[in-house]
Amino acid sequence: MRILKVPAPAKLNLFLHLTGRRPDGYHNLQSAFVLINLCDELVFELIEEDEVRIEILDKRAGASFLNQKIDIPDNQNLVFRAATKLKEMAKLRGVEISGVMIRVEKQIPLGAGLGGGSSDCASTLMALNKIWNLELSCEELKQIGLSLGADVPFFIGGKSALVEGIGEILKPFHLNPLWFVLINPGFSISTPQVFTHPKLNRNFRVMDSDAIEKARAEINAGRFYGSNYLESAAFEIRPELANFLDFAKPLQLRMSGSGSSIFSMHVSSDDAETAYADLLAKLEEQKDIRSYECGVYKSYEKHPIFDVL
């Protein structure tokens with residue numbers, strides 16, 4: 001196998017509660033993560049040269065310059081770091097591998113709270129484990145992934161989950177099929193800026209098993225549970241997000257991750273499409289936010305990469 005193409009889906013945080021702050025400065029959380037069918041595509045091609053090459057292309061339909069290259073420094077590029085880490089591990093184990101050219105075709109917007117970089121990283125680990133015949137277990141890949149990014153183990157797990165700790169604790173969280181109207185305002189929000197903001201919600205609490213089951217039941221009925229603790233800080237940084245939530249009423253919206261994407265949740269495709277059409281009609285009346293990108297997406301029961309590998 002010299003060429004392999006795999007998907008890397010986005011995620012949504014259906015709720016996100018902070019449970020405390022660690023001595024290292026990171027925050028522990030409890031959050032329901034779900035995969036949706038908005039995907040980047042990664043193409044891996046083995047090459048003769050003993051190196052890792054990366055090309056990132058903007059493939060979003062609304063992109064100003066379709067197929068424009070996106071430049072991310074290697075030390076900040078999770079795909080490059082994942083490939084390099086596996087390459088070093090292979091050499092330590094005495095496994096002979098080829099170099100690789102990786103083309104990342106971006107559909108997931110950057111800095112939008114959708115986990116695009118972490119998902120690309122996870123798909124890189126899983127794909128190279130296959131194409132390089134490394135035979136690493138899922139748990140081994142999760143440990144490697146955690147060293148690269150807190151959300152990476154979730155994507156390797158590949159199912160809806162209750163995520164705890166900084167992202168390393170994954171618990172089953174079965175959900176019925178759900179549909180989402182996803183809105184991307186076209187700007188990003190810095191995650192470190194959100195977590196260090198004085199308006200960050202620090203009313204830490206831990207959900208017990210009864211609360212977790214109640215949350216699951218509410219979500220399966222198409223109703224939001226709890227909140228996203230990061231909204232208070234994000235809305236101070238970008239007040240137009242808070243204004244959009246008021247503008248969209250009676251449609252109920254929630255922010256994913258540290259923003260900037262927001263979404264509504266529905267139990268049927270028809271409900272989601274109706275909400276989407278109503279929102280588009282309202283957007284046409286507002287010149288200042290007409291450029292917001294919207295779409296309808298469905299939850300995945302499992303990571304689509306499992307159908308490829």
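Heads up, the Cβ atoms here are built off N, Cα and C, so glycines get one too.
Per TrEMBL, active site is recorded for Lys11, Asp151. According to TrEMBL, the feature domain 'GHMP kinase N-terminal' maps to 77-158. The ATP binding site feature in TrEMBL is assigned to Pro109, Leu110, Gly111, Ala112, Gly113, Leu114, Gly115, Gly116, Gly117, Ser118, Ser119. Feature annotation from TrEMBL assigns domain 'GHMP kinase C-terminal' to 221-282.
Locations of recorded TrEMBL features on the structure.
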residue	record	Cβ contacts under 8 Å, 6 or more apart
Lys11	active site	Phe33, Val34, Leu35, Ile36, Leu114, Gly115, Ser119, Asp151, Phe154, Phe155, Ser256
Pro109	ATP binding site	Arg60, Gly116, Asn184, Gly186, Ser188, Ser261, Glu293
Gly111	ATP binding site	Phe187, Ser188, Ile189, Ser190, Ser260
Gly113	ATP binding site	Asn13, Ile189, Met255, Ser256, Gly257, Ser258, Gly259, Ser260, Ser261
Gly117	ATP binding site	Leu78, Leu110, Gly149
Assigned element (helix, strand, coil) containing Gly113 (ATP binding site), judged by DSSP: coil
For the ATP site built from Pro109, Leu110, Gly111, Ala112, Gly113, Leu114, Gly115, Gly116, Gly117, Ser118, Ser119, further residues of that chain with CB within 8 A of the site's CB center: Ala10, Ile108, Gly257
Tally of residues which DSSP labels helix, strand or coil - the domain 'GHMP kinase C-terminal' (221-282): 31 helix, 8 strand, 23 coil
